[in-house]
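Taken from TrEMBL, the feature domain 'Histidine kinase' covers 384-470. Under the heading signal peptide, TrEMBL lists 1-32. Look at TrEMBL and you will find 48-66, 73-90, 96-114, 126-146, 152-170, 190-210, 222-243 tagged as transmembrane segment.
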Amino acid sequence: MTLNLAPRAGMPRRLPLFLLCALTLLCPTAQAQVMTPGLYWATTVHAWLAAMLALMATIVGLISGLHSRERPATFLTGMMLSWVVLRAAAAPGASGLRPLLMTLLVLCGVQYLLRQMNWKRSWIDHALLIQCLVVPASLLLAGIQVSLLGTIWHAVLSLELVAAMGWALWLRRARLQATPDEALRRDFVLMAGLLLPTMVALLAETMLAATSESLWWTASPWLGLLLPVLMLALGLQLINGVAQARLDAERRIGAIEQRMAERIAEVERTHSQLAEQKLEQVTERERKRIAADLHDDLGAKLLTIVHTSESDRISTLAREALEEMRLSVRGLTGKPVHLIDALGDWRAEVVSRLGQANILAEWKSPAEDVEHTLQARSYVQTTRILRESVSNIIKHSAATHATISSTVQDGDFILTIQDNGNGIPTELDGRLDRGHGMASMKSRAKQMHGQCLVESGPGWGTVIRLTIPL
């Protein structure tokens, strides 16, 4: 009697699959009447392991097909499927398939264990393939000695699998000794915990099968559980390894993206710096051109007026304009000025101007040697602020005494101009920026990233404090 599982008209396509699953689950129950309780539970566990191995074989097969690096896992898939079919072939009437399935299981198991460690020998590959032909053929030709020969082959195949497990474990140990690493140590401990009990179980099972007339898988059903459990563990290890490799790859990609972002930012900064340098070079060339035009054209004309004018007033104005022009040219093209030299120039000019206005000038310079320098533009702007301050003292303060002091403090240059004049009138309180050139002085200080503070009151003079960074 044959069972036709082909779907009939009106019959759901998945019904045959459901029937097969139901038969798989019911088989141990149907046999429970003739089995001992221990054998019944062992058979039930074997059935569940077979189902899990079939599912695991599918997953491992997909992984080996999708990831070229995991191609050796194809042998693990073959090992799992061989065990599942081998268990089904243990039923009466299917004994002819058992030798071939056993050799396939050993072939796949040996190849996976060794290739997992990147250990490959062509003579082993050829010997295992030849064995797949020799074992079934020898059993077919054995005649009445088939039982004895089957026991011998079972022992040989089991020993081959045990030897492969031992060699794989030894290779792991050698790798750990050559490269001490925590991950390799954990892998060795895990595989030792899986392989050593399985090796002992296979040896014990081989001895029991040699002295028992039962089927190979019923001679020691509980010992036979370790091999499928090992295969499940190897499958889980493979899945975990693929997942870990994916996480590592994502971390590496993240690190690469981070480095790429940093490189892009660095390139952008470099490009910005080059653009700023180019702009500065263009600006510097234009400054030099303007300075040259001022010096060669306007400077020459002003100098001519100074020497040829018959009017003292015109000659004085031309001389002042010439000095301002030279100061502007120096700000456009000049080099940094030593602070000690700048203080000397300012002192000579301020003392001379105040003296001509009958105002006693007191100059206080830093006591220590000053090693700092001023940029040319800072020198020019400070000179103009100082000139404007002195002009205000002469024109508006009615002062008789003025003190100019300078100091260097915390990387800043501080210049203080103080007089004993009338101070700024009350009606200008709150509007200091509008008169006496105060707005101009504050603007110049701001251009130098500094500040210019003015303190004044009727009757006690005016204090102007300029602070600029060096």
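The backbone N, Cα and C atoms fix where each Cβ goes, glycine too.
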Worksheet item: Hey, which bits of the same chain come close to the transmembrane segment (152-170), Cβ under 8 Å, at least six residues off its ends?
Response: 99, 102-103, 105-106, 109-110, 113-114, 116-117, 119, 135, 138-139, 188, 191-192, 195-196, 198-199, 202-203, 205-206, 209-210, 216
Worksheet entry | Intrachain residues whose Cβ lies under 8 Å of the transmembrane segment (190-210), provided they are six or more past its termini | 151, 154-155, 158-159, 161-162, 165-166, 168-169, 172, 216, 219-220, 223-224, 226-227, 229-230, 233-234, 237
Worksheet item: Which residue counts does DSSP give the domain 'Histidine kinase' (384-470) for helix, strand and coil?
Response: 30 helix, 31 strand, 26 coil
